[in-house]
Amino acid sequence: MGFSAGDSKKGANLFKTRCAQCHTLEEGGGNKIGPALHGLFGRKTGSVDGYAYTDANKQKGITWDENTLFEYLENPKKYIPGTKMAFGGLKKDKDRNDIITFMKEATA
């Protein structure tokens, strides 16, 4: 299974409770504990200016889209061994679909 469009409102709530403490979405939001996510879709891993990525993130060599995020957000440390992202992941497909749908709207 891969990504399918979800509920943006539910995704916004998930982002607020699971992601916002470490990431910003808005343009010019800047890096926090994690890199800024504005413009995420279509961007290569490990490429936000001013953020200190691990070599694992820089060398992963993928471009973020709905399907790569769907896989990554299930278990970040499995998808990119060596990432410093401490988040354990979203195990439910529906939660990942909702948050990706929201992020796609919020980071465009």
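Each residue, glycine too, has its Cβ placed from N, Cα and C.
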Revision key, fill the gap. Candidates Lys10, Lys77, Lys84; Swiss-Prot annotation N6,N6,N6-trimethyllysine sits on Lys77
Revision key, fill the gap. As a whole number of Å, the Cα atom of Met85 (heme c binding site) is distant from the Cα atom of Lys77 (N6,N6,N6-trimethyllysine) by 7
Point to revise | Extra residues within 8 Å (Cβ to Cβ centroid of Cys19, Cys22, His23, Met85), heme c | key: Ala20, Gln21, Lys32, Ile33, Gly34, Leu37, Phe87
Check your understanding: What whole-number distance in angstrom separates the two most remote CA atoms of the heme c-binding residues Cys19, Cys22, His23, Met85?
Key -> 11
Review point. In sequence order, which residues at least six apart in the same chain have a CB under 8 Å from the CB of Lys77 (N6,N6,N6-trimethyllysine)?
Key: Thr83, Met85
